[in-house]
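**Q** If you scroll down you'll find the structure; I have some questions about it.
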């Protein structure tokens, strides 16, 4: 079949880095084409050029035979390119219809638009209520808003950037049905994802980028996920392994913990109970915004439970603050690397001090022991292969993966009794993610209790011994990971405690 | 104490006059903040409008020319703030404070030769027989055009923000500038326009003080009105209707306490003088406490935007 979009020698350089270096490939009409690559491989720069957000330095694009050189997203949309963003393209305080209007160039009047939204959402199996405020929607519903926004303009090429990373398995299936329907109708789809199994199931072709260049083009179904990953990374990968170990005594228990929501779009925790044993890795899954941040905050002591009890190795720590909990051996690493886990403008040495001063004795009589602190930061950098010129570097100068290795390593080297982490490998490339998971497993093998809160189910199946799901601030009863099917996990994520989703 | 000297007719009529400068400045700042920009320079833009409008009105003899000049002067100072914060990505809080200080300084420089002069009068609008109605005639139909303009502007701002496509785009920029940029909306251009509008409104408010309310030029004559306007926007949860309410409440209590002072109420003058501030804030806090007020703040308020993000 004819190509709807052809890229020829696209090049884009930013100061100090060539994001795309002579990228050429074609997307056939009605096909689903995967774009694969690690973070920083140049995927987002490439789609931004197609969508008119960035202008190429060299090279040409042709869309349906005509030259395609959009100066703005508006021109790209007019030419028939639609894009569903992974982050930051919806407005929380506005309603569904308003959000959709904003992405259209000639929006119809509101009543007519509401009608058309209902029509399109029915035709493609994407239920949506036009008057709902977007801030109150689930991640899956938010994505539907974005998709409907694109579909109302009848695009010939639909770009999907990491569409499934925040969806439950059931929502993923719904999305795939929609995408298959679209490609049957002749819409080409450019699909960006790091979930290789999905790409193997969904996509007809794949183009793999590494360091801004096309390194391979293939049919994903012909290769295993591991082979695809190795093409992306350009090196062999080993799956994390661990030494099996019988779980020991309970080290952390939460008993009926409740926490009110702090802001309008926040989530309250209701009656959360769990028991974590020494040597156990508990995976807590859930779609973003179901109470993950709140759960970590109540474990860390950043916020005190409004009801219920938290005990660490038999001691009641419900009313203890973060420092007291750290001293007792309960360490945490929150999701947001810059601004929560690390202070962006401060050096790695200073950041090491911030969480390790209690357990490592880095401050004495109110004075900082700089030499010891620097040594500790160096130890983290060495032990976790953090690529940085040295401990004097500011946290914000590190790439996401390197900073994440530092943040997790900083806690692990303090020999925690319990370590709780939220989204430990979010936005981290494959090799760094593997290193972080391995470190968490090693920690558990050494007898610590580990809680991994994550939206990445592949990650949770890989590391967890037990699995629990967070839904609307409630935690399901933990179940052994071994033997759980994706179907059961999906039901746990969607409607807790065996209720139908 | 003799409360009978307080005439309800005059009280309500002067309430509207006292509230108009606040209303104008607060409406302007409302639009600016809805676009995601925090301009703390309202006080400075008001006073530059006050002296700019006063000087032109005196030189040309036309109060209308004065008001136009005030809007231009306010917008010009706001544009300086805009260039610094939107193009040079200066911190909005610090730049806003500097704008206020700069406005206070340059206005006293410009105003040196205008002290003690009376400006040309801004006449009441002649609405024919309507103005002769008892009570209502004086209270509702007995004002100058700026009062009506400010009420009309309240409605226009409400309509623009809540009903128009352009207003939706402006709110979108204030909610999430990165998303707006990704959709191809020109974030910086919209913010610059909003900032200029806010400056023009603050300038008009200032000119109303120097040309109608006082009417005279004195150094520092805005005496905190710009800060009150800022507070009204926040406590009104960024809604045009509540901005009107807040401005009239503050104006009303100000006029009432002046009347009470004149009537010799047995309360120390200091307490009466602070009452408008306390009552306005108390009422608006109570109103915004009922719903979660913080959620009404534009999510990108005060954050710098650069397309490279």
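Cβ atoms are placed via backbone N, Cα and C, with glycine included.
Pulled these from TrEMBL:
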TRANSMEM  B:6-25  transmembrane segment
TRANSMEM  B:37-58  transmembrane segment
TRANSMEM  B:64-84  transmembrane segment
TRANSMEM  B:96-115  transmembrane segment
TRANSMEM  B:135-161  transmembrane segment
TRANSMEM  B:188-209  transmembrane segment
TRANSMEM  B:221-238  transmembrane segment
TRANSMEM  B:245-265  transmembrane segment
TRANSMEM  B:271-289  transmembrane segment
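Neighbours and distances for these, please.
**A** Within the chain carrying the transmembrane segment (B:6-25), a Cβ under 8 angstroms from the stretch's Cβ atoms is held by residues 42, 45-46, 135, 138-139, 142-143, 146-147, 150, 153-154, 201-202, 204-206, 208-209, 212-213, 225-226, 228-229, 232, 243-244, 247-248, 250-252, 254-256, 259-260, 262-263, all 6 or more beyond its ends.
Only residues 6 or more beyond the boundaries of the transmembrane segment (B:37-58), in the same chain, are considered here, and those with a CB under 8 A from a CB of the stretch are 21, 25, 28-29, 65-74, 76-78, 81, 85-86, 92-93, 95-104, 106-107, 110-111, 114, 117, 119-120, 174, 191, 194-195, 198-199, 202-207, 209-211, 217, 220-222, 224-227, 229-230, 301-302.
Same-chain residues lying 6+ beyond the ends of the transmembrane segment (B:64-84) with a Cβ under 8 Å from its Cβ atoms: 39, 41, 44-46, 48-58, 90, 95-96, 99, 102-103, 119-120, 146, 191-192, 195-204, 206-208, 211.
Tertiary proximity for the transmembrane segment (B:135-161) is limited to same-chain residues at least six positions away from its ends with a CB under 8 Å from its CB atoms, namely 8-10, 12-13, 16-17, 20, 23-24, 27, 30-31, 34, 67, 122-125, 127, 167, 170-171, 201, 204, 208, 212, 239-241, 243-244.
Residues 20-25, 27-29, 31-32, 34-37, 39, 42, 45-54, 57, 66-67, 69-79, 81-82, 86-87, 146, 153, 169-170, 173, 221-222, 225-226, 229, 305 of the same chain sit 6 or more residues outside the transmembrane segment (B:188-209) yet have a Cβ under 8 Å from a Cβ within it.
Among residues of the same chain six or more beyond the transmembrane segment (B:245-265), those with a C-beta under 8 A of the stretch's C-beta atoms are 1-3, 5-6, 11, 14-20, 22-23, 26, 228-229, 232, 235-236, 272-273, 275-277, 279-280, 283-284.
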